[in-house]
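Annotated in TrEMBL:
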| type | residues | note |
| --- | --- | --- |
| DOMAIN | 13-146 | domain 'Glycosyl hydrolases family 2 sugar binding' |
| DOMAIN | 189-244 | domain 'Glycoside hydrolase family 2 immunoglobulin-like beta-sandwich' |
| DOMAIN | 247-544 | domain 'Glycoside hydrolase family 2 catalytic' |
Amino acid sequence: MPVPSAYNDLGSDAQTRDHVGWVWYQRKYFSSARDAPYRHFLRFSSVHYHAVVFLNDKMIGSHEGGHLPFEIEITSNVLIGRENRITVAVNNTLSHSTIPPGEFVYLQRESGGMKQYPDGFFKQRPDFDFFNYAGILRPVYITKKPTSFIEDIIIEAEADGSLFYKVLINSDFANNNETVIVTARNEYGRVIFVNEGTHFVGRIETVRPWWPRGMGKPNLYQLEVHLLSGQIAVDTYRIQFGFRTVSFTNDEIFINGRPFYCHGFGMHEDFELHGRGYNAVVMTKDLNMLEWMNGNCYRTSHYPYSEERAAEADRRGLAVITEAPAVGLFEFDKSNELLHSQMIREMIERDRNHPSVIMWSLANEPQSSQKSARAYFSDLINVTKALDKTRPVTIVFSSAFFSDQAADLVDVICVNRYYGWYIDMGYLQVVNSSWIFEMKNWKKTFNKAIIVTEYGADSIPGLNQEPSRDFSEQYQNDLLNRTHAAFDILRADKTIAGEMIWNFADFMTAPDVTRAVGNHKGVLTRTRQAKMAAYTIKRRYEMLDAEELTPGTTPSVIPSDISDMIIPTKSTDSFKSDVTSDTDSFTLSSFI
């Protein structure tokens, strides 16, 4: 079985595709005698969902949750100068206590001495609308490190040249002879900063900020950290970073002090054959097509994407809303909160040094109208802010503006709505007024910057109907045009601060009567070919790129027939308001 890849679509039978439960991977490797002085680590970039890891038949660690990395030190277990065997057990079972959640239900009905289902028959019902691809989804590494090594670097670099860094050293013993030398270089390799020590707070003059597409060049710098023992360099760590500041008001998001209107995509890491497994070719095609359609941002719906993609977003100047793997939450108890906070911690520790990451999303479409959601998300927001004070925090809501319990807690509100599809399908004439009604009332209730993170309709590739009908390419296109007309009104008076269509490309889901071999809301097919809607998005985003919105560009006054729709609200007092290392490593490219 190849790694990285989901295993589901690599067989020829439904049993493999739909398997729920344990699968086993095994791989042998040889450790040379010259490896003896080093510490050894085994790093998994993503295993979905639960992983138990063995080395030479001894359990060495476990991890819960996909889409985020974990690392295990194996120094005391590795056989030096001999063959070693790695075994990984992976389980994709979801329940009310997993994130994301699901249901594992045994079914049986008896009558007249007969049974409807075979004994042991069950269904797994995920509480999300994408296929539950499983396995070792991203690369696996074995690394050799010195006894003292650079474990992590925390960087906070602002557009005005302000720089904070902290270097974390992992050492088996206390060594007063160790020193840390930190050098920063610009894109041409010229040294712009040198400092000795594990901490620094200061300012570097004449830096060039990192900008998203359409606003400037995504300038990147390299921080090079040397760990010295006496005069000998024992470890070196290099990481790219950018000087970039994200701020926000009740109306807008700003990057480096300039208004940033997010226009982009909700996406999935999904493709034929390898499912959610990492594939550099597909990643490159995706980002090239995103740029072709003139997008300037995307959300990692509904889980953190690969580290390689984050590095590419840095390089290309794509703004990213990075989302925790928490979709469809409906139980807000303490055990789920602890697991959720662990995932947030892992997400931030992995991605905090990427200038492309402009916002943290803690969840997608939780049942946040429940009263228990308020304390749950209040705690998680506190955890997030303690880890990173430099970025706004959001939750992506599908709840109603008049009943949500958590929207006042976030910095920026993100909203998913499907007018003309799940709401009033076939009645495109009400799409415009419905959007204005909805967004104006979110704004009036919470008075925060709002991004529309999902809207759209399914279209079967090649299905054409004139006049348009649901599931045709024409209907999807007509719905977009009606929605965009509403967005132009809403952005003119700063009711919304961004728009992101759902979805970038068609993707696979579990079987359902409304899912004809997957979800077809993509403006691209699953093989990344353009539908009619892709050209509409391309033209719109080109216009948004070129236009600096000024009064009079679009209507800024609500039509009288729409202003009546805004619901008066009572006082809202209750709503206060490309890392490299000199340590040796090799990739476990496949398990047998």
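Using the three backbone atoms N, Cα and C, a Cβ is placed for every residue, glycine included.
Any TrEMBL annotation is an automated prediction that lacks curation.
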Taking DSSP helix as H, G and I and strand as E and B, the domain 'Glycoside hydrolase family 2 immunoglobulin-like beta-sandwich' (189-244) has 0 helix, 32 strand, 24 coil
Helix, strand and coil residues within the domain 'Glycosyl hydrolases family 2 sugar binding' (13-146) as assigned by DSSP:
7 helix, 65 strand, 62 coil
Per-residue pLDDT averaged over the domain 'Glycoside hydrolase family 2 immunoglobulin-like beta-sandwich' (189-244) comes to what?
96
